[in-house]
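What follows is a set of notes on a single structure, which appears directly below.
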Amino acid sequence: MSLDTIRRRIAETAREAGRDPADVTLVAVSKMQPESHVLPVLEAGQRVFGENRVQEAQNRWGALAPRFPGVEIHVIGPLQTNKARAAMEIASAIHSLDRPKLAETLARLAQERGACPDLFVQVNTGEEPQKAGVLPAEADGFVARCRDLDLPVVGLMCIPPAEEDPAPHFDMLREMAGRNGLAGLSMGMSGDFEAAIARGATHVRVGSAIFGARD
Ligand SMILES: *Cc1c(COP(=O)(O)O)cnc(C)c1O
């Protein structure tokens with residue numbers, strides 16, 4: 001699929017759901033993609049990109065971002081505390097705030113820098129042992145803790161279990177965000193971004209549908 005097709009489907013789905021397409025941000029997930037796949041997407045005007053790994057984001061975007069004014073990097077993958085500083089320097093948003101230790105580290109660095117990227121708390125809606133994220137039962141408490149630390153939490157993020165219907169997970173995330181007064185919902189990937197938009201996603205993270213399969 002081309003970037004144009006994805007954009008059109010995002011806009012159509014938003015309108016069908018009675019939403020303003022401008023309220024849905026496409027995060028083009030460029031992780032593990034060769035530059036030859038990323039350049040045409042930049043040239044087509046896409047400016048918000050998602051990267052899983054801080055190191056990879058630095059390598060790619062350190063050189064590329066200055067050539068394309070307005071580029072924004074969102075860190076969407078698990079973040080080690082020793083990479084938190086670098087993540088804050090490169091990213092305008094972090095979608096994977098998933099534990100108290102990371103919250104404390106980000107808070108300390110935010111104080112030091114006087115700035116902090118927008119933060120999404122990742123919720124492990126499927127309660128999968130191998131997956132990052134706070135458990136649903138802990139989400140409200142964790143959001144409150146982050147606010148106590150003055151962290152700019154703007155929303156919640158989830159990655160539903162691969163084998164399940166994602167809709168109940170999207171619904172759960174939306175309810176959680178609502179009761180915590182959070183406007184942002186980072187949910188939906190290549191296979192399910194339309195279902196996510198129908199359920200309120202404000203940020204869809206789409207990789208392979210734009211760039212092709214990763215190696
Ligand atoms: C890789 C990744 C995506 C994009 O997945 P696609 O299926 O290629 O669209 C989205 N979110 C996260 C957290 C990812 O790691």
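Cβ atoms here come from the backbone N, Cα and C positions, even for glycine.
Look at TrEMBL and you will find 2-214 tagged as domain 'Alanine racemase N-terminal'. Look at TrEMBL and you will find Lys31 tagged as N6-(pyridoxal phosphate)lysine.
Within 10 Å of the C-beta of the residue listed as 'N6-(pyridoxal phosphate)lysine' there are 18 other C-beta atoms, taking all protein chains into account. DSSP gives the residue listed as 'N6-(pyridoxal phosphate)lysine' a coil state; it is part of no helix or strand. Averaged across the domain 'Alanine racemase N-terminal' (2-214), pLDDT in this predicted model comes to 97.
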